[in-house]
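Taken straight from Swiss-Prot:
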ACT_SITE  19  active site, proton acceptor
BINDING   14, 60, 62, 106  tRNA binding site
SITE      9  site 'Discriminates between blocked and unblocked aminoacyl-tRNA'
SITE      85  site 'Stabilizes the basic form of H active site to accept a proton'
């Protein structure tokens, strides 16, 4: 069983912000086959199908670990994949990583504090301009919006391939270092 957690902040205020790219990808991965198995104990929206659990924590980003831990403790997945935004990567860049530091990402820090860092990460670049907090909580620019569908589709495909493969192989095949904006 594999748990895929997409990080973001709950509520309409944050729906289209850069910090919610993990939520956007979970929404793309979830099709009509997935059954909603959400429960208050999970502190998140949880969907399950064919050995795959999709999670969107309903905690705020800084507390994402509580939701990931609750789902992990209940379902005991063999594999955990976390999808999140990354300020240190250019907009549209996609990188894959297992373990390592949080890179200052508060959602990743929260997960690391509660379950350790022995899980796979799909890092989606959002770039960085000015104050980090305002930037991640801001909506995508018009130029970014034009490329967002392509970036999300590419990353969704990479995650689907990751489910069937090893992170090192997928990293070699799908890593995008410079972003997808042309």
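The backbone N, Cα and C atoms fix where each Cβ goes, and this holds for glycine too.
Following the DSSP three-state reduction, the secondary structure of residue 85 (site 'Stabilizes the basic form of H active site to accept a proton') is strand. Among the recorded positions listed (9, 19, 85), 9 has its Cα nearest to the Cα of residue 62 (tRNA binding site). Per Cα geometry, 9 is the residue among the recorded positions 9, 19, 85 nearest to residue 60 (tRNA binding site). Fewest Cβ neighbours within 10 Å among the binding-site residues 62, 106: this applies to 62.
Using a 10 Å Cα-Cα cut-off from residue 9 (site 'Discriminates between blocked and unblocked aminoacyl-tRNA'), the recorded positions that qualify among 19, 85, 106 are 19. Within 8 Å of the Cβ centroid of the tRNA site, not counting the listed residues 14, 60, 62, 106, the chain contributes 9, 19, 59, 61, 63, 64, 107. Here the residue listed as 'active site, proton acceptor' is positioned 6 angstrom away from residue 85 (site 'Stabilizes the basic form of H active site to accept a proton'), judged by their C-alpha atoms. Annotation for residue 14 (tRNA binding site): spatial neighbours 8, 20, 137, criterion Cβ-Cβ under 8 Å with sequence separation of six or more.
Under the three-state DSSP scheme, residue 60 (tRNA binding site) falls in the coil class.
Sequence-distant contacts of residue 19 (active site, proton acceptor), defined by Cβ-Cβ distance under 8 angstroms and a gap of at least six in the same chain, are 7, 8, 9, 61, 85, 136, 137. Its own atom aside, the Cβ of residue 60 (tRNA binding site) has 16 Cβ atoms within 10 angstroms in the protein chains shown.
Site extent for tRNA: the farthest pair of Cα atoms among 14, 60, 62, 106 sits 16 Å apart.
The Cβ of residue 85 (site 'Stabilizes the basic form of H active site to accept a proton') has 23 other Cβ atoms within 10 Å, all protein chains considered. Around the Cβ of residue 9 (site 'Discriminates between blocked and unblocked aminoacyl-tRNA'), a 10 Å sphere holds 22 further Cβ atoms from the protein chains shown.
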